[in-house]
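Read through the structure below, which is laid out as structure tokens, and then see the notes.
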Amino acid sequence: MAGRRLGRWGSPPWGALAALAAALLLRVRAQPPEAARRQGGQLRVDQAWLRVRGEGLAEAATVSWRSEACFQCLFQELASLAPNGTVEEASVAVDCQHGLALRVSGAAEGQELCRAHYHFGEFGNYSLIVKSDPSSQKILCNIVINQEPVNSYLPIFFAFLIYMGTFALLALGQFCVNSIEPIRNWLYVKMNPRETDRLINSELGSPRRTDSISSGLPPGVWSPGSTIQRLRSLDTFRGLALTIMVFVNYGGGKYWFFKHQSWNGLTVADLVFPWFVFIMGTSTALSLSSMLRRGCSKRQLLLKILWRSFLLILIGVVVVNPNYCLGPLSWDNLRIPGVLQRLGCTYLVVAGLELLFAKPVPDSTSVEAPYSALRDFLPCWPQWLFMIALEAVWLCLTFLLNVPGCPTGYLGAGGIGDFGKYPNCTGGAAGYIDRLLLGEKHIYQHPSSNVLYMTTVAFDPEGVLGTINSVILAFLGLQGGKILLLFKDQPRQIMLRFCVWSVIMGVISAVLTKCSKEDGFIPVNKNLWSVSYVTTLSSFAFILLLLIYYLVDVKRVWSGAPFFFPGMNSILVYVGHEIFENYFPFKWKMRGPQSHSEHLAQNLIATSLWVVISYGLYQKRIFWKI
């Protein structure tokens, strides 16, 4: 009965298992699209065929293209058209992730004959007909659909229905079980009165049973002797971010919005790492406070912080340099920055600063105290001064540092962006500092900017300069942790303050970006970890944490499953998913690699497997803590 009492909070992730089976079914049914097969299988995911044909042109013309998601980019040549009559058609594969601008230019420099804007559909077959109109003496561009595209978003829709349907059935089943069990127990007592005492003990728990339950829990979870009860919402938040991170790292079904944005702007993939940094700061506030309450000295905690930071950085270097099967690791091209390295450096600064100025948390928060409305903020003023100074350093380096061959304060992607004026200036000061301090061969060689902007310069999104703003983000998360500590018995105050902080960060973001993707003072940019990126993601994080806290810890209408389980073993799941990425059953050779369906099924299976693994580890009480 003890296990059944914990079932509400620790139920198996049947939803993940059912979704895994459904994803397997989706994989079996996935077939290469007919359009791709008819073209000899030459099309890849998110591509379409375009036939370019010229009719009655008096002079030679060039057809070029530009993605509408590429800001101020140069047009790239697509095909050439000969003069005097109809020419042989030229078939080319075009991108269909974003809308394209197609331009037809004459022989003279800067002579534009016509232009067309179109968003092609995946595996569609189109014709661009460029012809002269005798009546108007103009060149016309017409796009004709030869074959309709496929709906590439149907796999996501079906996967969503499968997941939601599975969880709805499980919730209904749990509700029915909970409704029937009291009636069954009542009938059992009436029919067998001598079992009343045994039933009471099994339902309410005898002292010995309670002790055995408590001793079986992982440290800090619902411990009756602990001063501050562990909040399941924090592990749920962490697990949600980690689960999405695993999914997007495995490919996200090859959908563009599950990949990192090429430069300015946000996609789903750009949300999860900052949320992980944020919740790390929140957990740091709670864990340091708990250890200080237990009597740990600051010297002991400092050594623990140093050791944990060192381990995170070391493991991170091992994880981001995985090609050991190709031969011994070469120090000449060892990548130094990475996700875990960023976490290690961020944790060192934030936890060390909190330890330096740590003060006992009062047992009560009286509204009559001076400046009671700011009692979660004012005691932290030394840390806030440090953070302001740190942000001033980022601003000065970003906008005042002289970067050779680049304009001062440049925030662009380089490559073909900004009309090709600064091809080797990717990231401005951020990229320059990384190349100067770490060396060009020791940073990421394939940044997301080369997808649209065709950059050729190495750039690391986890570089040195961006670490400053990740410290700011973790400190904002730590501020959330202080709110949880100070108002631990006042959920309304906690949610109100989370909401206020979210609004403040949102207003700052609106001012910095002018509510624009490209035209703000400081655009939202994940590669640079711009200050607007930090304020925007922290605003989202406060709201998301508020919702999860309300559902999981206040109302307790949701146990946090299945995200709670990977959240309890975050380091193991992250390192494991990186190491075993190319191993079966997380990856296999696909029958139709140009199909979104099979990519999505494979990535959903891999992600669901890690959720199931984390649940199994939770049941075995195996937790990898650093």
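Each residue, glycine too, has its Cβ placed from N, Cα and C.
Here the structure is a predicted model, which means the values were calculated and not measured.
According to TrEMBL:
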SIGNAL    1-30  signal peptide
TRANSMEM  153-177  transmembrane segment
DOMAIN    230-349  domain 'Heparan-alpha-glucosaminide N-acetyltransferase catalytic'
TRANSMEM  239-257  transmembrane segment
TRANSMEM  272-289  transmembrane segment
TRANSMEM  301-319  transmembrane segment
TRANSMEM  339-357  transmembrane segment
TRANSMEM  384-403  transmembrane segment
TRANSMEM  464-487  transmembrane segment
TRANSMEM  494-512  transmembrane segment
TRANSMEM  532-551  transmembrane segment
TRANSMEM  563-580  transmembrane segment
TRANSMEM  600-618  transmembrane segment
Taking 272-289, 384-403, 464-487, 532-551, 563-580 as candidates, which has the most Cβ pairs under 8 Å with the transmembrane segment (239-257)? 563-580
The correct DSSP tally for the domain 'Heparan-alpha-glucosaminide N-acetyltransferase catalytic' (230-349) reads 88 helix, 1 strand, 31 coil
Residue numbers, six or more beyond the limits of the transmembrane segment (494-512), whose CB comes under 8 Å of its CB atoms: 376, 476, 479-480, 483-484, 487, 520-522, 524, 531-532, 535-536, 538-540, 542-543, 545-546, 549-550, 554
Contacting positions for the transmembrane segment (563-580) when only residues 6+ beyond its ends and CB under 8 Å are counted: 13, 218, 232, 234-240, 242-243, 245-246, 249-250, 276, 315, 319, 322, 339-340, 586, 606, 610-611, 613-615, 617-618, 622-626
Under 8 Å, at least 3 Cβ pairs, sequence separation 6 or more: does that hold for the transmembrane segment (600-618) versus the transmembrane segment (153-177)? yes
Tertiary contacts of the transmembrane segment (532-551) (same chain, 6+ residues out, Cβ under 8 Å): 231, 233, 236-237, 240, 266, 271, 274-275, 278-279, 282, 469-470, 472-473, 476-477, 480, 491, 494-495, 498-499, 501-503, 505-506, 508-509, 512-513, 520, 522-526, 557-558, 560
Test the contact criterion for the transmembrane segment (272-289) and the transmembrane segment (464-487): 3 or more CB pairs under 8 Å, pairs 6 or more apart in sequence, then answer yes or no. yes
Near the transmembrane segment (464-487), which same-chain residues lie under 8 Å Cβ to Cβ, leaving out any that are not at least 6 residues past its ends? 228, 231, 274, 277-286, 289, 337, 342, 345-347, 349-350, 353-354, 361-362, 365, 375-377, 380, 383, 387, 390-391, 393-394, 397-398, 429-430, 433-434, 437-438, 493-494, 497-498, 501, 505, 528-531, 533-534, 537-538, 541-542, 545
Over the domain 'Heparan-alpha-glucosaminide N-acetyltransferase catalytic' (230-349), what does the predicted model average in pLDDT? 92
The transmembrane segment (339-357): which same-chain residues, six or more beyond its ends, come within Cβ distance under 8 Å? 273, 276-277, 280-281, 284-285, 288, 298, 301-302, 305-306, 308-313, 315-317, 319-320, 380, 382-383, 386, 462, 466-467, 470-471, 474-475, 478, 574-575
Beyond the flanks of the transmembrane segment (384-403) by 6 or more, those residues with Cβ under 8 Å of it: 353, 377, 409-411, 425, 428-430, 432-433, 465, 468-469, 471-472, 475, 528, 531
